Amino acid sequence: FQDWNLTWHTENPDFTQCFQNTVLVWIPCIYLWVCFPVYFLYLRCHDRGYIQMSNLNKAKTALGLILWIVCWADLFYSFWERSQNIFRAPFFLVTPTVLGITMLLATFLIQYERIKGVQSSGVMMIFWLIALSCATVVFRSKIIHALYKDAEVDAFRFVTFCIYFILLLVQLILCCFPERPPLFSETVNDPNPCPEFSASFLSRITFWWITGLMVQGYRRPLEAKDLWSLNKEDKSEEVVPGLARNWAKEWAKTKRQPLNMLYSPKKQQKSSDSNGDVTEEAEALIIKPSQKSSEASLFKVLYKTFGPYFLMSFLFKAAHDLLMFAGPEILKLLINFVNNKAAPDWQGYFYTGLLFVCACLQTLILHQYFHICFVTGMRLKTAIVGVIYRKALVITNSARKTSTVGEIVNLMSVDAQRFMDLATYINMIWSAPLQVILALYLLWQNLGPSVLAGVAVMILLVPINAVMAMKTKTYQVAQMKSKDNRIKLMNEILNGIKVLKLYAWELAFREKVLEIRQKELKVLKKSAYLAAMATFTWVCAPFLVALSTFAVYVTIDKNNILDAQKAFVSLALFNILRFPLNMLPMVISSIVEASVSLKRLRVFLSHEELDPDSIIRGPITEAEGSIVVKNATFSWSKNDPPSLNSINFTVPEGSLVAVVGQVGCGKSSLLSALLGEMDKKEGYVVVKGSLAYVPQQAWVQNATLEDNIIFGREMNENRYKCVIEACALLPDIEILPTGDKTEIGEKGVNLSGGQKQRVSLARAVYCNADVYLFDDPLSAVDAHVGKHIFEKVIGPKGILKNKTRVLVTHAINYLPQMDTILVMTDGEISEMGSYQELLKQDGAFAEFLRTYANAEQNMENSDTNSPSGKEGKPVENGVLVNEAPGKLMQRQLSNSSTYSRDTGKSQHQSSTAELQKPLAEKNSWKLTEADTAKTGRVKATVYWDYMKAIGLFISFLSIFLFMCNHIASLASNYWLSLWTDDPVINGTQQYTNVRLGVYGALGISQGIAVFGYSMVVSIGGIFASRHLHLNLLHNVLRSPMSFFERTPSGNLVNRFSKEIDTIDSTIPPIIKMFMGSTFNVIGACIIILLATPIAAVIIPPLGLVYLFVQRFYVATSRQLKRLESVSRSPVYSHFNETLLGVSVIRAFEEQKRFIKQNDVKVDENQKAYYPSIVANRWLAVRLECVGNCIVLFAALFAVIARNKLSAGLVGLSVSYSLQV
């Protein structure tokens, strides 16, 4: 079966014929039959659509059938030989049979993949590659055998095998080309589809499919339009509902409560059965906490949602970890080969090739693993942002008090990012111990019981790590609390910036922010020092393990020789140990941070929701009326005392009802109760048909005037014009440069209070609802404008005359025209009836009239000295705003909106002309500016500014300490190579104690340098964080009002949340990694050149390739980073806008549309992020291939020059090349 003298101990190796015809043929067959059941089930469950038969598919199928025929031709030939009394070994019958059936299976899979929409198959390509590799060995043997003069050649089998070999080669080549997209695939109609799924398997594992975008980014700066559409599996519409459903089920299971709707869809009927399955995205988050029940596990929900896809990373990680230990084992064989001068040369080349192939496989597998992890992290963040947004639409007012805007923004930015980062390295929890165990096992095989000394060192370090992890968690909680408070305060500052500037409060609020920031930095400083200690402990850990192991090994027995094989194989294993020992504390820290974020997120998702069934929405009998409230009591939260007591009233359909009363008596609360915004403690509330709501504080979107009015509904030109005229918006639209297409700015910053109120009113009127709730909309407009609006819109002759209208008002002059008046007193309806009826009663209503009649008389007297016919200036927080010169336009726009019939037309036109001229010159009609991505290289001044923020002394000191660390590391390893080359005299090495002492001293020097640069970088990072945040805050607060009018608040929130968090937590570790990687590569090249100077021929060209690939990558990567950062701001802007107008959104039942908008904005952000992570993998694969080439040439030169090199230098050179 197998002869080692023929295979290994020879100058011309070969396998026996039996081995060739059994093992080498059966290996690909076994692979395919093992994969078939799992792959078949996978294809059944993942149907991507039907692919039409193409020429490529026909060729594959035809070749598969021909292969089957060729295999069974050998089988029938064997039968024919038996008929001729020529009896061959049994494998001549078994092997063609097995191989023929396997080829039929392969042909079946080719067709089944086509039916299931697989454009390129990895399973089949690996099968053809294995089959061809095994056949190549056999083909070589047959050629060599045929060249012998006296050899007997079986001509028939030789010909059939040549045909078989050629067909395998063609099949492998055809597998490199993808099929056409499936019928009805989304990518067919997508103008810019992601090429990933249409790429071949070879392209996917090498990430070649992104090269087109990389070339495009290298030639010119990328723009948003260049980005591909997201894959369907990564879109919010696919990712978020899954997490929402699983959370709903987990909550229902934990709380023993039925699943509720996330929000009420339009025209929802009250359902008596709420125990049905959740099948739609709307049916998502149920939050009705029971204090006695156990808590729902959000971790279990995340695992259930993303676990199946993420589990594939386990397989890749396990395969990578096993391959990682192939390097040291092959290094051992290579050192033995160098020491054994009698070994044939081909063995050295075989080890070199095997080392290179293992390194390349390791690279491909590792980056498939990382790709899965990063995609999982991206989906995690998408899903978390999505459920947070959906939850924010339905939480109660009491819950909103506990979860501030700052906290919710941090949940979307910082906490979601924590989960995203954790997904990348969470597998190290099991992988690190596995790597440590395997490394220690191999070290035991190499050095024996001496390795227990190293184990003891690691065990001693575990408690230190545990203490640091506990401290890290404490600091993380404190830091996130300070961050929440800071973002909350920044939101309040940005929302009230006019008032701040009016009263010159910038410095006072700046100090408040800095006070919170100081607390945050104090905690951050402690965390940084702790991280520095962790870095020192765990970077030194591999060296301490090596030192203790070597020391014990050479001292327990003088006959223990530390030769090159033991030293450098052990050193390679210690270097493998370095990664898990370094990563484990980082992963534990990340898990601690993620656990804090997990708890924060679970608490937020566990907040109470508004009960959609508290208000019955739907058709009711005509006799009852449009609004019916019976014995209802309301409060703002379950634990608060009632704000509205014993409310009873009925509003007939089409009637006009006024709600009046003193300030704070509950008028606005009554409307909130009808909207379902309050907690109904008892009673019965019915609202017939659809609702429209005009709040007292007008809410407008950062969109065009038309979009604000239409509010997601279809355009009806006639109705639109009628609404514009009725709401007194025509003069404003005429003055605007692009009419109603003009963008009116975030929160309507360029409109007066009256204009915003009329836009809000127009939105409600246009929606053509059944019931209208007006919360004192006339108070923000002038009397003559209010009269126009009442007559044209709200009043008995207005366009809403047939609608049911409830008007909260203080304007007593409109009350005689009301059908019914409700008088509120201390949260109760004290009187109800017509105007005349209430006057006759001479009760609370009469007192109300007398109070407000006196107030209006006083206002008229005070206004006699002021010009009339103008709307008041915009009011923010009850304070008149002193406007900047840039606000001249909106002031005159507001003045021009007067509806006095005697206003001169010429005056209006001249005012317009004066306005348009300066504004046209400044091109300022674009009222808001989105974040724009910079192009080109990152300027050197950016790096210089960061260095100055750190401090130039600290910057150069950190570089110096990094250099000292790596010089000490190089020196210690070079000293080790000299030690291993010491001659053995009388069974022992001389100067062992000196060698060990110097090795230990160099290690201690390295540890001091590590601790030094860790502390210095940590301190520098804190300095930079303080300085950059201070500058950002200073510049923002000192910006003119025009800056805030043009800049959406989401852009600024993005800067103060995610960008500052990046400066605080991300940049310092990246600096350490960059410096470490740079010095590692330089050190490895120096060692290789010292060992094999001939490598100077190869290293410079490889260095040039490295630099070209790196520059080629950076051109695209930096632009993708910029686009990702720019596209993140609209997510925050939209979220802030939603929080401000959530009651209006719910009243108009527009939750689905706003959720869709949020999903689109998140997807736009991920469209830039996904190519960025793929580009990172593209770069890593290519750079690691360059590193693998260094390994190849280091080993190759060592083999070529083995007669001139010592084993110590070979071990040092190859072990260092393995680190590149």
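Heads up, the Cβ atoms here are built off N, Cα and C, so glycines get one too.
Just so it is clear, the model here is predicted, and its values are computed rather than measured.
According to TrEMBL, the compositional bias 'Polar residues' annotation covers 858-868 (among others).
Taken from TrEMBL, the feature compositional bias 'Polar residues' covers 891-914 (among others).
The domain 'ABC transmembrane type-1' annotation in TrEMBL covers 311-593 (among others).
The feature domain 'ABC transmembrane type-1' is assigned by TrEMBL to 956-1220 (among others).
Taken from TrEMBL, the feature region 'Disordered' covers 858-877 (among others).
The region 'Disordered' feature in TrEMBL is assigned to 891-916 (among others).
Annotated transmembrane segment per TrEMBL: 23-42 (among others), in sequence order.
According to TrEMBL, the transmembrane segment annotation covers 62-80 (among others). Beyond its flanks by at least six residues, the transmembrane segment (62-80) meets 88, 92-93, 96-97, 99-100, 103-104, 106-107, 110, 156-157, 160, 163-164, 167-168, 170-171, 174 of its own chain at Cβ-Cβ distances under 8 Å.
According to TrEMBL, the transmembrane segment annotation covers 122-143 (among others).
The annotation transmembrane segment is assigned in TrEMBL to 155-177 (among others).
Here TrEMBL flags 309-328 (among others) as transmembrane segment.
According to TrEMBL, the transmembrane segment annotation covers 348-370 (among others). Beyond its flanks by at least six residues, the transmembrane segment (348-370) meets 205-207, 313, 316-317, 319-320, 323-324, 326-327, 330-331, 333-334, 337-338, 424, 427, 1177, 1180-1181, 1184-1185, 1187-1188, 1191-1192, 1195-1196, 1199, 1202, 1214, 1218 of its own chain at Cβ-Cβ distances under 8 Å.
Under the heading transmembrane segment, TrEMBL lists 422-444 (among others). Sequence-distant contacts of the transmembrane segment (422-444) (same chain, at least 6 residues past either end, Cβ-Cβ under 8 Å): 310, 313-314, 317-318, 321-322, 324-325, 328-329, 369-370, 373-374, 376-377, 380, 451, 454-455, 458, 549, 569-570, 573-574, 576-577, 579-581, 583-584, 586-587, 590-591, 593-594.
Residues or ranges marked as transmembrane segment by TrEMBL: 450-470 (among others). Tertiary proximity for the transmembrane segment (450-470) is limited to same-chain residues at least six positions away from its ends with a CB under 8 Å from its CB atoms, namely 436, 440, 443-444, 530, 533-534, 537-538, 541, 544-546, 548-553, 556, 560, 581, 584-585, 588-589, 592.
Look at TrEMBL and you will find 528-556 (among others) tagged as transmembrane segment.
Here TrEMBL flags 568-592 (among others) as transmembrane segment. Long-range neighbours of the transmembrane segment (568-592) within the same chain, counting only residues 6 or more positions beyond its ends whose Cβ lies under 8 Å from a Cβ of the stretch, are 324-325, 327-329, 331-332, 335, 418, 421-422, 425-426, 428-429, 431-433, 435-436, 439, 442-443, 446-447, 458, 465, 468-469, 472-473, 476, 531, 534, 537-539, 541-543, 545-546, 549-550, 973, 976-977, 980, 1208, 1211-1212, 1214-1215, 1218-1219.
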State the non-local partners of the transmembrane segment (122-143) in its own chain: residues 6+ outside its ends, Cβ under 8 Å from one of its Cβ atoms.
14-15, 20-21, 24-25, 27-28, 31-32, 35, 39, 106, 109-110, 113, 158, 161-162, 164-165, 168-169, 171-172, 175-176, 201-202, 204-205
Who are the long-range neighbours of the transmembrane segment (23-42) in its own chain, taking Cβ under 8 Å and residues 6 or more past its ends?
15, 95, 98-99, 102, 105-106, 109, 112, 123, 126-127, 130-131, 134-135, 137-138
